[in-house]
């Protein structure tokens, strides 16, 4: 596989993986829309009058970004996704610095409560950084390249889910196994 083809496949794979992340996050936020005002307010970064509008619009913004990333459009969805991930990372970092690590990140995975942690900041920044070169990657030619990118993007998404699950479990109290 030529280097340019590999970069194109890596770019599409990153877009697919991030698109799945944004889709799941947006759907999770819509499913639990009643909680979103509280999640956004807990960050204590917005004036009270902006909390509800941001909480209402955020899931739709994430779903629109997901659609763009999954459609193969470049470069706007990648830039918007990277910018939103950077904003999320900054919001988490500010609250970690304030000592407010007890609040839930609001990442859209409602089954896993995720208190703020530096790992979440790094995760978001790494995904944002990976999306920037993806914005400029060439188009993938051929069904085989698209299939490889799809498999790699799905693997990236699954890695993201495992990372989140391990992180969420590390914040839970020890189980009744004698610990």
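Cβ from N, Cα, C; glycine included.
Because TrEMBL annotations are produced automatically, they should be read as predictions rather than curated entries.
Worth saying up front: this structure is predicted, and the values here are computed from it rather than measured.
Annotated transmembrane segment per TrEMBL: 6-28, 76-94, 120-138, 144-163, in sequence order. Under the heading domain 'Methylamine utilisation protein MauE', TrEMBL lists 9-132.
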> Taking residues 6+ outside the transmembrane segment (120-138), which of them lie with a CB under 8 Å of any CB in it?
Replying inline: 4, 7-8, 10-12, 14-15, 18, 21, 74-75, 78-79, 81-83, 85-86, 88-89, 92-93, 96, 105, 107, 114, 160, 163, 167
>> So if I exclude everything within five residues of the ends of the transmembrane segment (144-163), which remaining residues of that chain have a CB under 8 angstroms from its CBs? That is, six or more out.
In response: 5, 8-10, 12-21, 24, 109, 119, 123, 127
> Per-residue pLDDT averaged over the domain 'Methylamine utilisation protein MauE' (9-132) comes to what?
Replying inline: 94
